[in-house]
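Student: These came from Swiss-Prot, pasted as-is:
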- Asn172: N-linked glycosylation site (CARBOHYD)
- Asn208: N-linked glycosylation site (CARBOHYD)
- 10-30: transmembrane segment (TRANSMEM)
- 45-65: transmembrane segment (TRANSMEM)
- 75-95: transmembrane segment (TRANSMEM)
- 105-125: transmembrane segment (TRANSMEM)
- 142-162: transmembrane segment (TRANSMEM)
- 243-263: transmembrane segment (TRANSMEM)
- 269-289: transmembrane segment (TRANSMEM)
Amino acid sequence: MSQPEFTRSIVGASFLLPVINGAMHIPPAVSATRVTLEDNQPRDAPILVLLFALSVLIDVMDKAADLPRQTRKTWLMTIVVFASPFVVLAVYGTMHCGLLALLRLLGVPLLAVVHAMPLIPVYSWKTGSISTVKLKYFLGPFKSLFGATCIGLMDVTAVVLYLRGTMLHPENASSAGHFRVLMYTITYDFLWESICDVRDIQEDEQNNITTLATAFGVRPTLIFLGGSTMMGDLSITLLGGGSAVLSVVRSTVFWGAFAALALHKPRSAVYPWGLATLFGLLPVWLASLGART
């Protein structure tokens, strides 16, 4: 890889994608505010700003840790300068929403630490002993479901808990609406995470990482994702009194678009994948518009 290509790769991965990933969290959070706040109460922008800023900062730190060691020092100051405005946004959001809202949002990413720790006891019939394994190994190919649940708890539940504290009549908040938005978020983030696993199948096979794609193959995985997304969206929509036709169309269109991208565009295609990431959880917002609260 030439130096200009390497530079573009770092800029895309360390700066562009974190912002896009941060924006990806907004549709579920906006949907959560829609089903939670009273009709005569204005939408609460600071919690959305705080969620966006924290998501960007977490992703920037994650991408910085993945940089080659020989280039990390060179790019460190640039990364710090880039992250500074988002630190300011996070401080602004915390000042308006309170420390408890910040801790609720940060508590979910900490589950990723638990995810990588050997905490699950497993008994071996062969040796007659009990050992502990990491949760991500215990979940096997369905570990992306754990990640999707974490995203749902961060983007929806943590936001809803804060919003209920700002309401004049929190007892009027729709628990059913909150649950539906949470389930939509888990459904579509599971689709997105699994599509990314299909894209990265060769890299995961080389690193002995178990995913749906490495365990069952690309075609069966895509078929399973299409069916599970359609059934998940349809079930949630019917429970909320929404349109079954719109549900099927929505799930089919987004599954088809993401599947085509995974099959035809490599991970190095930053802009197509960045655009797809931006729309990854848009179905959550679209679904919440058609559901009754």
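Heads up, the Cβ atoms here are built off N, Cα and C, so glycines get one too.
Where in this structure would I find these features, and how exposed are they?
Tutor: Annotation for Asn208 (N-linked glycosylation site): no spatial neighbours, criterion Cβ-Cβ under 8 Å with sequence separation of six or more.
Beyond the transmembrane segment (243-263), the same-chain residues lying 6 or more positions past its ends with a Cβ under 8 Å from any Cβ of the stretch are 188, 191-192, 195-196, 198-199, 218, 222, 225-226, 229-230, 232-234, 237, 272-273, 276, 279-280, 282-283, 286-287, 290.
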Student: Give the nonlocal contacts of the transmembrane segment (269-289) in its own chain as ranges (CB under 8 Å, at least six residues past its ends).
Tutor: 8-9, 12-13, 16-17, 20-21, 23-25, 27-28, 30-31, 34-35, 155, 177, 180-181, 184-185, 188-189, 192, 199, 233, 236-237, 242, 247, 250-251, 254, 257-258, 261
